[in-house]
Amino acid sequence: MDKDNQALDELPMMTGSKHANKRLFAAFMIFGLLNNVLYVIILSAALDLVSADTPKGVVALFNIFPALITKVVWPLLSNGKIRYTRRVGFCTICSWFGIITIALSSSLSPRLLGISLASLSSGMGELTFLQLTTTLPTEATSKTALGAWSSGTGFAGVAGAGIWWLLRGLGVKGGLGLSSFLPLFFPITYKYILPPFSHLEASSDSSPYQRLPTSSSLSNNNNFRPPAILISVPSSEYVPQHTPLLSSGFIDRDRDRNRDGEELTDGDKRLMGMRASRLTTQEKMKLLRPLVVRYMLPLCAVYVEEYVINSGVAPTLVFPLPTYGLWSWLFKSPRDYYPFWSLTYQTFVFLSRSSLSLGLPPIPKRLLPLPAIIQFLVLSLLFLQAKTFFFSSPAYTPPADGDGGVDRSITIVFLLICLEGLCGGSGYVNTFYHVGREGSSVSENYDADGENEMGGDRRTLNVTEMEKKAMEREFRIGAVGAADSTGILFASLISMPLEIALCRSQVDQGRTMCREL
């Protein structure tokens, strides 16, 4: 009978937990979509933002470089507790002001300033929300949040191109003016959709993060003795047993509230002041070094390869128009090829970035370089097609332009670009999944006898060390976030001369379609 009553008591908690998980997924999906959609809209609007004699690569450069600087520099310079609420507010204001500046300006310089502000917001947003996934109370909820974020960023590619396609008829002022309302959903989602973290804990049977005792647990258990908290210099005394311990659990998104959204008590703030942890520059460098080869180089390589394909090779993948079959319905003009390759790529990036959300297992850590290896193969084959028409039949190899029918290489290129999108999305979501798990288990910091490297016992793990471990997780995922932007920047420098060289090669062989677009 008691078991039945206990089951009935737990039923509302389980139902509430499932609802909280849905809110968590929706919130991070929206965060990912909002953070990347303006980036895509700006790239899609590049032709309308600059004059005909201005290289379109200027827009791409100003759209990525500020984000890269933010993601490289900020994790190294910032210190102490991350104030997530303030960061979300900064991203909202910066993104809105940037897009409004672009919309209301008619000359190049202020538009580039607006693009830079939007890029700065995008870089800070990715850094912030990836770090936020490491603060969730369980491994399962962190995985849910990361999967939703990745799905949102993947869908932003399709959504951004579609939004600008619908709004471009309104012009830059009207189309981007309407788009400026999108950043306002950041604070709305953060405040009203993202659930209190305490509602998420019943959703998982195990948690890699140790929860601090709450005031309610202390008051309801007279025999409970809170763990002694060792305070370093200037005092080596234990904190008295009656010292308040974070009255409602984990510290949430800034230092003034806990994860239930309640104001911290004066005792909580005093305790936080005594145990404030910071990562020194030396500690950050020590954390960063193993990440470079393990995570950053493979992710950077994937991004270099896929953006070289998108910006340097894909514009030259143009074929004689097919006269029958499915391709003849899609390609009515040579200008239709590049948008179709872009849509294909974005669609399969979205699918692969959603792999965790779809319940697919992550690839093992040792196989993280695999997407970059496959991507290099895809790049090589597409380069050969653009350079030598490697897959084309003799009837479609220049100087011949075919005599009706369909060039078989169109289908092969389509399949290769599908694989490109799958590799790019897989590299992103799996890299950040494994980075988020680095250092997530407190037990991994102890030897077989239960002692850590500082000589402490697992049973007396102090609050300062726990907070420092959390900061290390936030730093790791934030630092690795610079790898993708670095790859895009390198790719942009490679792509511009590569596209020119490939087009010149095609013209020399007798096919001038790339020049006529």
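Each residue, glycine too, has its Cβ placed from N, Cα and C.
It should be emphasised that the depicted structure is a prediction, and the values quoted were computed from it without experimental measurement.
Sequence-distant contacts of the transmembrane segment (24-44) (same chain, six or more residues past either end, CB-CB distance under 8 Å): 59-60, 63, 67, 91, 95, 98-99, 102, 115, 118-119, 121-122, 125-126, 129, 133, 136, 141, 144-157, 159-161, 163-165, 176, 179, 182-183, 185-186, 189-190, 193-195, 200, 357. For 24-44 (among others), the entry in Swiss-Prot reads transmembrane segment, with the evidence type sequence analysis.
Outside the transmembrane segment (57-77) by six or more residues, the chain places 39, 42-43, 46, 49-50, 112, 115-120, 122-124, 126-127, 281, 284, 311, 475, 478-479, 481-482, 485-486, 488-489, 492, 495-496 with a CB less than 8 A from a CB of the stretch. According to Swiss-Prot, the transmembrane segment annotation covers 57-77 (among others), on the basis of sequence analysis.
The transmembrane segment annotation in Swiss-Prot covers 88-108 (among others). Within its own chain, the transmembrane segment (88-108) is flanked in space by residues 35, 38, 42, 49-51, 54, 114-122, 124-125, 128, 172-173, 175-177, 179-180, 183-184, 186-187, 190, 253, which lie at least six positions past its ends and keep a Cβ under 8 Å from the stretch.
Annotation source Swiss-Prot lists transmembrane segment at 112-132 (among others), citing sequence analysis. Sequence-distant neighbours of the transmembrane segment (112-132) (same chain, 6+ residues past either end, Cβ-Cβ under 8 Å): 28, 31-32, 34-36, 38-39, 42, 49, 58-59, 62-71, 74-75, 82, 84, 87-88, 90-92, 94-95, 97-103, 105, 145-146, 149, 153, 183, 186, 253, 432, 436, 474, 477-478, 481, 485.
The transmembrane segment annotation in Swiss-Prot covers 146-166 (among others).
If one looks beyond the transmembrane segment (169-189) by at least 6 residues along the same chain, the residues whose Cβ comes under 8 Å of a Cβ in the stretch are 27, 30-31, 34, 37-38, 41, 45, 48-49, 88-89, 91-92, 95-96, 99-100, 102-104, 121, 125, 163. Among the features that Swiss-Prot reports, transmembrane segment is placed at 169-189 (among others), with the record citing sequence analysis.
Panel annotation: around the transmembrane segment (371-391), residues 298-299, 301-302, 305-306, 308-309, 313-314, 316-317, 397-398, 408-409, 412-413, 416-417, 419-420, 423-424, 426-427, 430, 502, 505-506, 509 of the same chain, lying at least six beyond its termini, place a Cβ under 8 Å from a Cβ of the stretch. Taken from Swiss-Prot, the feature transmembrane segment applies to 371-391 (among others), supported by sequence analysis.
Per Swiss-Prot, the feature transmembrane segment maps to 409-429 (among others); the stated evidence is sequence analysis.
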Give the nonlocal contacts of the transmembrane segment (409-429) in its own chain as ranges (CB under 8 Å, at least six residues past its ends). 146-147, 150, 153-154, 298-299, 302-303, 306, 309, 314, 317, 319, 322, 327, 331, 341, 344-356, 362-363, 368, 371-372, 374-375, 378, 381-382, 385, 389-393, 396, 484
